[in-house]
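Student: Pulled from TrEMBL, these are the listed features:
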type     : residues : note
DOMAIN   : 17-261   : domain 'Orotidine 5'-phosphate decarboxylase'
ACT_SITE : LYS96    : active site, proton donor
Amino acid sequence: MTTFGQRLHAALAERGPLCVGIDPHPELLAAWGLTVDVAGLERFAGTCVDAFAGHVALVKPQVAFFEVFGAAGIVVLERTVTALRSAGTLVLADAKRGDIGSTMDAYARTWLTDASPLGSDAVTVSPYLGFGALEPALRLAVDGRGVFVLAATSNPEGAQVQQARTADGRSVAQVMVDEAAARNAGADTLGSVGVVVGATLTRAPDLSALHGPILMPGVGAQGGTAEDVRRLAGERLDAVVPNVSREVLRAGPTAAALRDAVSRTVDSFAFLRA
Ligand SMILES: O=c1ccn([C@@H]2O[C@H](COP(=O)(O)O)[C@@H](O)[C@H]2O)c(=O)[nH]1
C-alpha cells in the first residue's frame, strides 16, 4: 500500500508544489456571476474541478463554505471530493476537526474512509484538545490517509494559544510539530502526518525533524508572499506545500483562466523544487 505521504511526494514532483483551495466565498460566487445559493455553489465547485483535476498536486475544499448551505451543500462537497479523487487528484478536506477520542473516531471515519461519501485523502485536524485525542485520525494516517495538524496558524489570534510556553520551554506550536515528527519516524519519502504553518508568521517552529509535509496557507489574500514561504521553510523546501485559495479563485470564472492562475502560482514557487 502506498502511503499518503508517498502519493503527495509524487504529486508534488509531477504537478508542482501547490495546494489550491476551493473556497466558495459569497463574494467570489457574485464575482463569477453566480447566484449565492446551492446552484451557484455547484457551478463554482464544478468549474474548480474542471480546472484543477489532473493539474494540481493537492486540492483543499474549505468545508465551511459547503456546510453553510446545509445538507444540499454537503451533497455538492461529496460530489466535488469524488470527482477530484476519481481523476487521481489528492483531496485535503479542510474541516479542522478535533474532539474527545470517541467523537474523533467518527470524524476520522467521516473524512478518511471510503465507507463515507466525504472520504478524502487527508483532513486538517485541531490538536487543541490534546494531540493524543487525534489518535483515531492518526491511526488512519498509518493506513493510507493523511492528516495536517494545526501547529502555527496564519491568523494573528493563533499566537495566544500556539506561542504559549509549555513547562519544558517549548512553544505549544513546537510541541505539536514534535508530536507529528514522532509519528513520521521511519517514513521513506514524506510521512503522512503533516502540520499547518502560516505563511504570515514572523517565525516558524523548528521543522527540521518533521519528515512530513508542511501546509502553508496565508499566501496572497492574507498577505503572505512566496518570499515569506522561502524564509519560513528554511531547510525544508522539499516538504513545503503553499496553499493559495482566493488569489487563484479570483481569476475565475472560466476553468482555463483558473488553470493559468495555477501555472503562474506554481512558477512563483519554483524554488521549492530545489
Ligand atoms: O492557518 C490556517 C489554516 C487554514 N487556513 C485556510 O486556508 C485557506 C486560505 O485561504 P486564502 O483565500 O488563500 O486566504 C482558507 O480556507 C483558510 O480557512 C488558513 O488560512 N490558515
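Cβ from N, Cα, C; glycine included.
TrEMBL entries are annotated by machine, without manual review.
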Student: Same-chain residues six or more away whose CB lies under 8 A from the CB of LYS96 (active site, proton donor)?
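Tutor: Looking at Cβ-Cβ distances below 8 Å from LYS96 (active site, proton donor), excluding near sequence neighbours, one finds THR124, VAL125, SER126, LEU150.
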Student: Three states by DSSP: which one describes the residue listed as 'active site, proton donor'?
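Tutor: DSSP call for the residue listed as 'active site, proton donor': strand.
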Student: Average the per-residue pLDDT over the domain 'Orotidine 5'-phosphate decarboxylase' (17-261) and send me the rounded value.
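Tutor: Within the domain 'Orotidine 5'-phosphate decarboxylase' (17-261), the model's average pLDDT equals 97.
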